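Look at Swiss-Prot and you will find Cys46, Cys47, Cys112, Cys141 tagged as [4Fe-4S] cluster binding site.
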Amino acid sequence: MADADLANIVTTRRDESMGWLQSIVSKGLGWARKYSLFTYPYATACCGMEYMSVAASRHDISRFGAEFPRFSPRQADLLMVVGTINLKQAPILKRVYEQMAEPKWVVAFGVCASSGGFYDNYAVLQGIDRIIPVDVYIPGCPPRPEQVLDGLMLLQDKIGNQVHRIAEREEANPTAARHNLLLSMNK
């Protein structure tokens, strides 16, 4: 084979390649997740009033699939951090994020959640992205409902463009691994 022929060969790892059926399923899962967001509002300050107005009939967040807030992080896939987070609340917020099931997304709602706002002191966390990853930042003090809907549509576009896999590889059973180790030691 000539060197020119070798340059035309494309190699991929089997784990990274996606078949036709899996790509169709991924698009279907993306569409379903995009329009069925289960939100967990973590409201701590004045932005909470604007968050409630987004759910009112004038702006109607339910047409974007984020209708009912969940009151347990284990049932939610979208964490809406609404308002100022102080340093005493930071471990609680991180724990809430860790309790959420995969896939999960985070929206920083307002300037205080995004960058600490005008509370630049020792007690306020200067942006929630210091402790948890943030997918969408919604600016404003407080942000208008229209901005919130724009941020939600940005998140929906991001979710729709992601690759969604049905199931990841299963991890080895630790009990079975220990049993196999004990059996090999007895030989």
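The backbone N, Cα and C atoms fix where each Cβ goes, and this holds for glycine too.
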**Message:** Can you tell me whether DSSP puts Cys47 ([4Fe-4S] cluster binding site) in helix, strand or coil?
**Reply:** helix
**Asked** Across all chains shown, how many C-beta atoms besides its own are within 10 angstroms of the C-beta of Cys47 ([4Fe-4S] cluster binding site)?
**Response** 26
**Prompt:** Here are the binding-site residues: Cys112, Cys141. Which has the lowest count of other Cβ atoms within 10 Å?
**Reply:** Cys141
**Request:** List, in sequence order, the residues of the same chain other than Cys46, Cys47, Cys112, Cys141 whose Cβ lies within 8 Å of the centroid of the Cβ atoms of the recorded [4Fe-4S] cluster site.
**Result:** Ala45, Glu50, Val82, Gly83, Thr84, Gly110, Val111, Ala113, Gly117, Gly140, Pro142
**Listed in sequence order, residues with CB under 8 A of Cys46 ([4Fe-4S] cluster binding site) and six or more positions away** = Gly83, Pro142
